[in-house]
Amino acid sequence: EIKETFKYINTVVSCLVFVLGIIGNSTLLRIIYKNKCMRNGPNILIASLALGDLLHIIIDIPISVYKLLAEDWPFGVEMCKLVPFIQKASVGITVLSLCALSIDRYRAVASWSRIKGIGVPKWTAVEIVLIWVISVVLAVPEAIAFDMITMEYRGKDLRICLLHPTQKTSFMMFYKQAKDWWLFSFYFCLPLAITALFYTLMTCEMLRKKSGMQIALNDHLKQRREVAKTVFCLVLVFALCWLPLHLSRILKLTIYDQKDPNRCELLSFFLVMDYIGINMASLNSCINPIALYLVSKRFQNCFKSCLCCWCQSKDLLSLEERQSCLKFKANDHGYDNFRSSNKYSSS
(Lines of atoms letter the chains of each structure in order from A and count residues from 1; the text may use other names and numbers.)
(Lines give C-alpha, C1' and ligand atoms only; values in the text may rest on other atoms or scores of the structure.)
Protein backbone atom coordinates (compact mmCIF):
# COMPACT_ATOMS: atom_id res chain seq x y z
CA GLU A 1 0.00 0.00 0.00
CA ILE A 2 2.83 2.39 0.85
CA LYS A 3 4.62 1.62 -2.40
CA GLU A 4 1.41 2.06 -4.41
CA THR A 5 0.68 5.43 -2.77
CA PHE A 6 4.16 6.87 -3.21
CA LYS A 7 4.40 5.55 -6.77
CA TYR A 8 2.12 8.34 -7.95
CA ILE A 9 3.46 10.95 -5.53
CA ASN A 10 7.03 10.30 -6.69
CA THR A 11 5.92 10.43 -10.32
CA VAL A 12 4.32 13.87 -9.86
CA VAL A 13 7.38 15.17 -7.99
CA SER A 14 9.74 13.77 -10.64
CA CYS A 15 7.77 15.41 -13.47
CA LEU A 16 7.81 18.72 -11.57
CA VAL A 17 11.57 18.44 -11.00
CA PHE A 18 12.08 17.56 -14.68
CA VAL A 19 10.25 20.66 -15.96
CA LEU A 20 11.59 23.14 -13.38
CA GLY A 21 15.09 21.65 -13.52
CA ILE A 22 15.45 21.92 -17.29
CA ILE A 23 14.07 25.48 -17.38
CA GLY A 24 16.00 26.70 -14.33
CA ASN A 25 19.39 25.08 -14.96
CA SER A 26 19.44 25.78 -18.72
CA THR A 27 18.51 29.42 -18.03
CA LEU A 28 21.27 29.64 -15.43
CA LEU A 29 23.83 28.24 -17.88
CA ARG A 30 22.67 30.66 -20.58
CA ILE A 31 22.97 33.64 -18.21
CA ILE A 32 26.57 32.81 -17.29
CA TYR A 33 27.52 31.98 -20.89
CA LYS A 34 25.97 35.09 -22.49
CA ASN A 35 26.88 37.76 -19.90
CA LYS A 36 30.61 38.47 -19.61
CA CYS A 37 30.18 40.23 -16.26
CA MET A 38 28.81 36.98 -14.79
CA ARG A 39 31.85 34.91 -15.80
CA ASN A 40 33.80 34.93 -12.56
CA GLY A 41 35.17 32.10 -10.43
CA PRO A 42 32.13 31.44 -8.22
CA ASN A 43 29.65 31.65 -11.10
CA ILE A 44 31.66 29.23 -13.24
CA LEU A 45 31.52 26.73 -10.35
CA ILE A 46 27.76 27.33 -10.08
CA ALA A 47 27.49 26.67 -13.84
CA SER A 48 29.37 23.39 -13.37
CA LEU A 49 26.94 22.45 -10.61
CA ALA A 50 23.96 23.30 -12.85
CA LEU A 51 25.38 21.21 -15.72
CA GLY A 52 25.72 18.19 -13.42
CA ASP A 53 22.10 18.61 -12.28
CA LEU A 54 20.95 18.94 -15.89
CA LEU A 55 22.61 15.66 -16.90
CA HIS A 56 20.91 13.88 -14.00
CA ILE A 57 17.52 15.41 -14.86
CA ILE A 58 17.64 14.58 -18.58
CA ILE A 59 18.94 10.99 -18.28
CA ASP A 60 17.97 9.64 -14.85
CA ILE A 61 14.56 11.11 -14.06
CA PRO A 62 12.61 9.80 -17.12
CA ILE A 63 14.01 6.29 -16.57
CA SER A 64 13.31 6.47 -12.82
CA VAL A 65 9.68 7.46 -13.50
CA TYR A 66 9.26 4.51 -15.85
CA LYS A 67 10.82 2.24 -13.23
CA LEU A 68 8.26 3.48 -10.67
CA LEU A 69 5.27 2.84 -12.92
CA ALA A 70 6.39 -0.42 -14.55
CA GLU A 71 7.24 -3.70 -12.84
CA ASP A 72 9.81 -4.85 -15.38
CA TRP A 73 13.16 -3.28 -16.39
CA PRO A 74 13.27 -3.17 -20.22
CA PHE A 75 16.39 -1.03 -20.75
CA GLY A 76 19.08 -3.69 -20.45
CA VAL A 77 22.11 -4.08 -18.23
CA GLU A 78 23.95 -1.07 -19.72
CA MET A 79 21.27 1.42 -18.62
CA CYS A 80 20.97 -0.43 -15.31
CA LYS A 81 24.58 0.50 -14.62
CA LEU A 82 24.49 3.95 -16.27
CA VAL A 83 21.58 5.41 -14.27
CA PRO A 84 23.07 4.99 -10.75
CA PHE A 85 26.49 5.99 -12.12
CA ILE A 86 25.18 9.33 -13.44
CA GLN A 87 23.16 9.91 -10.29
CA LYS A 88 26.21 9.47 -8.04
CA ALA A 89 28.43 11.50 -10.37
CA SER A 90 25.88 14.33 -10.31
CA VAL A 91 25.74 14.32 -6.51
CA GLY A 92 29.55 14.24 -6.38
CA ILE A 93 29.73 17.29 -8.67
CA THR A 94 27.27 19.10 -6.39
CA VAL A 95 29.16 18.20 -3.22
CA LEU A 96 32.63 19.09 -4.50
CA SER A 97 31.39 22.29 -6.18
CA LEU A 98 29.87 23.46 -2.88
CA CYS A 99 33.16 22.68 -1.12
CA ALA A 100 35.10 24.63 -3.78
CA LEU A 101 32.69 27.58 -3.50
CA SER A 102 33.08 27.71 0.29
CA ILE A 103 36.88 27.65 0.02
CA ASP A 104 36.75 30.26 -2.76
CA ARG A 105 34.75 32.66 -0.54
CA TYR A 106 37.34 32.38 2.24
CA ARG A 107 40.21 32.95 -0.19
CA ALA A 108 38.40 35.97 -1.65
CA VAL A 109 38.34 37.59 1.80
CA ALA A 110 41.77 36.43 3.01
CA SER A 111 43.71 37.28 -0.18
CA TRP A 112 42.16 40.05 -2.24
CA SER A 113 45.03 40.16 -4.73
CA ARG A 114 44.37 36.68 -6.10
CA ILE A 115 40.88 37.66 -7.32
CA LYS A 116 42.11 39.63 -10.33
CA GLY A 117 44.39 38.46 -13.11
CA ILE A 118 44.69 35.60 -15.54
CA GLY A 119 45.41 33.09 -12.78
CA VAL A 120 41.80 33.04 -11.61
CA PRO A 121 40.16 31.51 -14.73
CA LYS A 122 43.00 28.99 -15.03
CA TRP A 123 42.68 27.88 -11.40
CA THR A 124 38.89 27.71 -11.69
CA ALA A 125 39.22 25.55 -14.82
CA VAL A 126 41.59 23.21 -12.96
CA GLU A 127 39.12 23.03 -10.05
CA ILE A 128 36.23 22.13 -12.35
CA VAL A 129 38.24 19.44 -14.18
CA LEU A 130 39.28 17.92 -10.83
CA ILE A 131 35.68 18.05 -9.55
CA TRP A 132 34.34 16.19 -12.58
CA VAL A 133 37.17 13.63 -12.69
CA ILE A 134 36.91 12.81 -8.96
CA SER A 135 33.10 12.62 -9.16
CA VAL A 136 33.24 10.22 -12.10
CA VAL A 137 35.88 8.01 -10.44
CA LEU A 138 33.93 7.83 -7.17
CA ALA A 139 30.78 6.86 -9.09
CA VAL A 140 32.43 3.87 -10.81
CA PRO A 141 31.65 1.42 -7.93
CA GLU A 142 27.94 2.16 -8.45
CA ALA A 143 28.18 1.03 -12.08
CA ILE A 144 29.99 -2.13 -11.00
CA ALA A 145 27.68 -2.93 -8.07
CA PHE A 146 24.35 -2.55 -9.88
CA ASP A 147 23.19 -5.42 -12.07
CA MET A 148 20.06 -7.13 -13.33
CA ILE A 149 18.49 -10.18 -11.75
CA THR A 150 15.45 -12.24 -12.75
CA MET A 151 12.91 -13.15 -10.09
CA GLU A 152 9.45 -14.70 -10.08
CA TYR A 153 6.60 -12.42 -9.02
CA ARG A 154 2.90 -13.34 -9.27
CA GLY A 155 3.63 -16.10 -11.74
CA LYS A 156 5.80 -13.91 -14.00
CA ASP A 157 9.56 -13.68 -14.45
CA LEU A 158 10.55 -10.06 -13.89
CA ARG A 159 13.88 -8.45 -14.73
CA ILE A 160 14.92 -6.09 -11.94
CA CYS A 161 17.80 -3.60 -11.74
CA LEU A 162 19.23 -3.28 -8.24
CA LEU A 163 22.36 -3.32 -6.11
CA HIS A 164 23.29 -6.96 -6.59
CA PRO A 165 23.20 -8.97 -3.32
CA THR A 166 26.38 -10.87 -4.24
CA GLN A 167 29.45 -9.03 -5.50
CA LYS A 168 32.37 -10.58 -7.38
CA THR A 169 35.27 -9.05 -5.43
CA SER A 170 36.00 -8.48 -1.75
CA PHE A 171 36.28 -4.72 -2.35
CA MET A 172 32.80 -4.57 -3.87
CA MET A 173 31.39 -6.63 -0.99
CA PHE A 174 32.95 -4.12 1.41
CA TYR A 175 31.53 -1.25 -0.66
CA LYS A 176 28.05 -2.80 -0.54
CA GLN A 177 28.21 -3.18 3.25
CA ALA A 178 29.69 0.28 3.92
CA LYS A 179 27.83 2.13 1.16
CA ASP A 180 25.31 4.00 3.35
CA TRP A 181 27.99 5.18 5.79
CA TRP A 182 30.25 6.22 2.90
CA LEU A 183 27.46 8.20 1.22
CA PHE A 184 26.52 9.86 4.51
CA SER A 185 30.08 10.86 5.41
CA PHE A 186 31.39 12.00 2.00
CA TYR A 187 28.27 13.13 0.14
CA PHE A 188 26.58 14.85 3.09
CA CYS A 189 28.85 15.56 6.08
CA LEU A 190 31.88 16.68 4.03
CA PRO A 191 30.31 19.78 2.37
CA LEU A 192 28.68 20.83 5.65
CA ALA A 193 31.95 20.47 7.59
CA ILE A 194 33.99 22.35 4.97
CA THR A 195 31.40 25.13 4.77
CA ALA A 196 31.31 25.47 8.56
CA LEU A 197 35.13 25.55 8.76
CA PHE A 198 35.80 28.08 5.99
CA TYR A 199 32.87 30.33 6.82
CA THR A 200 34.13 30.48 10.42
CA LEU A 201 37.61 31.37 9.14
CA MET A 202 36.08 33.93 6.76
CA THR A 203 34.13 35.57 9.59
CA CYS A 204 37.27 35.78 11.74
CA GLU A 205 39.21 37.26 8.81
CA MET A 206 36.56 39.91 8.16
CA LEU A 207 36.43 40.86 11.85
CA ARG A 208 40.22 41.16 11.84
CA LYS A 209 40.20 43.75 9.03
CA LYS A 210 40.98 47.30 10.03
CA SER A 211 37.99 49.61 10.28
CA GLY A 212 39.55 52.06 7.79
CA MET A 213 39.89 49.36 5.19
CA GLN A 214 36.31 48.28 5.83
CA ILE A 215 35.08 51.81 5.15
CA ALA A 216 37.21 52.22 2.03
CA LEU A 217 36.04 48.89 0.65
CA ASN A 218 32.42 49.20 1.74
CA ASP A 219 30.90 48.59 -1.71
CA HIS A 220 33.43 45.91 -2.56
CA LEU A 221 32.73 44.06 0.69
CA LYS A 222 29.01 44.22 -0.01
CA GLN A 223 29.62 42.40 -3.30
CA ARG A 224 31.69 39.73 -1.54
CA ARG A 225 29.13 39.32 1.23
CA GLU A 226 26.32 38.84 -1.28
CA VAL A 227 28.26 36.06 -3.01
CA ALA A 228 29.10 34.50 0.37
CA LYS A 229 25.43 34.64 1.35
CA THR A 230 24.47 33.00 -1.95
CA VAL A 231 26.95 30.14 -1.48
CA PHE A 232 25.79 29.60 2.10
CA CYS A 233 22.19 29.45 0.87
CA LEU A 234 23.10 26.77 -1.71
CA VAL A 235 24.77 24.66 1.00
CA LEU A 236 21.77 25.09 3.31
CA VAL A 237 19.35 24.02 0.54
CA PHE A 238 21.55 20.98 -0.16
CA ALA A 239 21.52 19.99 3.53
CA LEU A 240 17.73 20.33 3.85
CA CYS A 241 17.09 18.35 0.66
CA TRP A 242 19.38 15.43 1.47
CA LEU A 243 18.95 15.15 5.26
CA PRO A 244 15.72 13.02 5.24
CA LEU A 245 17.16 10.37 2.91
CA HIS A 246 20.47 10.02 4.76
CA LEU A 247 18.65 10.06 8.11
CA SER A 248 16.34 7.20 7.08
CA ARG A 249 19.26 5.09 5.81
CA ILE A 250 21.41 5.65 8.92
CA LEU A 251 18.50 5.01 11.31
CA LYS A 252 17.76 1.76 9.49
CA LEU A 253 21.39 0.67 9.89
CA THR A 254 21.54 1.53 13.59
CA ILE A 255 18.03 0.78 14.90
CA TYR A 256 16.58 -2.02 12.79
CA ASP A 257 16.83 -5.51 14.29
CA GLN A 258 15.69 -8.59 12.35
CA LYS A 259 14.71 -10.32 15.61
CA ASP A 260 12.48 -7.46 16.77
CA PRO A 261 8.80 -8.59 16.81
CA ASN A 262 7.76 -5.06 15.74
CA ARG A 263 10.16 -4.97 12.80
CA CYS A 264 7.33 -4.83 10.21
CA GLU A 265 5.99 -1.55 11.63
CA LEU A 266 9.53 -0.19 11.81
CA LEU A 267 10.24 -1.19 8.21
CA SER A 268 7.03 0.54 7.09
CA PHE A 269 8.15 3.71 8.88
CA PHE A 270 11.59 3.56 7.24
CA LEU A 271 9.96 2.94 3.85
CA VAL A 272 7.85 6.10 4.21
CA MET A 273 10.95 8.07 5.29
CA ASP A 274 12.86 6.65 2.34
CA TYR A 275 10.24 7.74 -0.19
CA ILE A 276 10.02 11.22 1.36
CA GLY A 277 13.83 11.42 1.33
CA ILE A 278 14.01 10.40 -2.34
CA ASN A 279 11.53 13.15 -3.24
CA MET A 280 13.44 15.76 -1.22
CA ALA A 281 16.78 14.72 -2.73
CA SER A 282 15.26 14.89 -6.20
CA LEU A 283 14.15 18.48 -5.55
CA ASN A 284 17.78 19.50 -5.06
CA SER A 285 18.35 19.10 -8.81
CA CYS A 286 15.91 21.91 -9.64
CA ILE A 287 15.93 24.16 -6.58
CA ASN A 288 19.35 25.84 -6.92
CA PRO A 289 18.26 28.28 -9.69
CA ILE A 290 15.21 29.18 -7.57
CA ALA A 291 17.42 29.78 -4.52
CA LEU A 292 19.78 31.97 -6.58
CA TYR A 293 16.81 33.98 -7.86
CA LEU A 294 15.56 34.60 -4.31
CA VAL A 295 18.92 35.36 -2.67
CA SER A 296 21.03 37.17 -5.29
CA LYS A 297 19.85 40.49 -6.77
CA ARG A 298 22.22 40.14 -9.74
CA PHE A 299 20.95 36.66 -10.60
CA GLN A 300 17.38 37.86 -10.14
CA ASN A 301 17.88 40.64 -12.69
CA CYS A 302 19.56 38.25 -15.12
CA PHE A 303 16.81 35.63 -14.74
CA LYS A 304 14.12 38.21 -15.44
CA SER A 305 15.97 39.50 -18.49
CA CYS A 306 16.68 36.00 -19.82
CA LEU A 307 13.22 34.52 -19.27
CA CYS A 308 11.41 37.54 -20.72
CA CYS A 309 13.74 37.94 -23.72
CA TRP A 310 14.85 34.33 -24.35
CA CYS A 311 14.84 34.68 -28.13
CA GLN A 312 16.13 38.23 -28.28
CA SER A 313 19.67 39.46 -28.84
CA LYS A 314 22.23 39.23 -26.07
CA ASP A 315 22.67 43.01 -26.36
CA LEU A 316 19.25 43.56 -24.79
CA LEU A 317 20.56 43.47 -21.26
CA SER A 318 18.70 45.36 -18.54
CA LEU A 319 20.13 48.74 -17.52
CA GLU A 320 20.30 47.67 -13.90
CA GLU A 321 22.29 44.58 -14.82
CA ARG A 322 24.79 46.63 -16.86
CA GLN A 323 25.16 49.11 -13.99
CA SER A 324 25.77 46.23 -11.60
CA CYS A 325 28.55 44.88 -13.83
CA LEU A 326 30.18 48.30 -14.22
CA LYS A 327 29.92 48.95 -10.50
CA PHE A 328 31.56 45.61 -9.72
CA LYS A 329 34.46 46.37 -12.08
CA ALA A 330 34.82 49.89 -10.70
CA ASN A 331 35.01 48.51 -7.18
CA ASP A 332 37.77 46.12 -8.23
CA HIS A 333 39.71 49.00 -9.81
CA GLY A 334 39.15 51.23 -6.79
CA TYR A 335 40.37 48.56 -4.47
CA ASP A 336 43.54 48.02 -6.51
CA ASN A 337 44.38 51.75 -6.20
CA PHE A 338 43.67 51.69 -2.48
CA ARG A 339 45.66 48.50 -2.00
CA SER A 340 48.73 49.73 -3.90
CA SER A 341 48.85 52.94 -1.85
CA ASN A 342 48.62 51.01 1.42
CA LYS A 343 50.72 47.99 0.49
CA TYR A 344 53.55 48.75 2.92
CA SER A 345 51.63 50.83 5.46
CA SER A 346 50.84 48.03 7.93
CA SER A 347 53.48 46.85 10.37
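Backbone N, Cα and C atoms are what each Cβ position is placed from, and that goes for glycine too.
Per Swiss-Prot, Phe6 and Lys122 occupy opposite sides of the membrane [differing topological domain names]. Of the listed residues Cys15, Cys161, Cys189, Cys161 is the one Swiss-Prot pairs with Cys80, by disulfide bond. Listed in sequence order, Lys67, Trp73, Phe75, Met79, Cys80, Val83, Phe146, Asp147, Met148 are the same-chain residues at least 6 apart in sequence whose CB falls under 8 Å from the CB of Cys161 (disulfide bond). Classification of Cys80 (disulfide bond) by DSSP places it within a helix.
Away from its own ends, the topological domain 'Extracellular' (150-177) comes close to residues 67, 71-75, 79-80, 83, 141, 144 of its chain (Cβ-Cβ under 8 Å, at least six residues beyond either end). Residues 63, 142-144, 146-148, 153, 156, 158-161 of the same chain, all 6+ positions outside the topological domain 'Extracellular' (70-81), place their C-beta atoms under 8 angstroms from a C-beta of that stretch. Sorting each residue of the topological domain 'Extracellular' (1-7) by its DSSP state yields 6 helix, 0 strand, 1 coil. Long-range contacts of the topological domain 'Extracellular' (1-7) within the same chain, counting only residues at least 6 positions beyond its ends with a Cβ under 8 Å from a Cβ of the stretch, are 68-69, 268, 271-272, 275.
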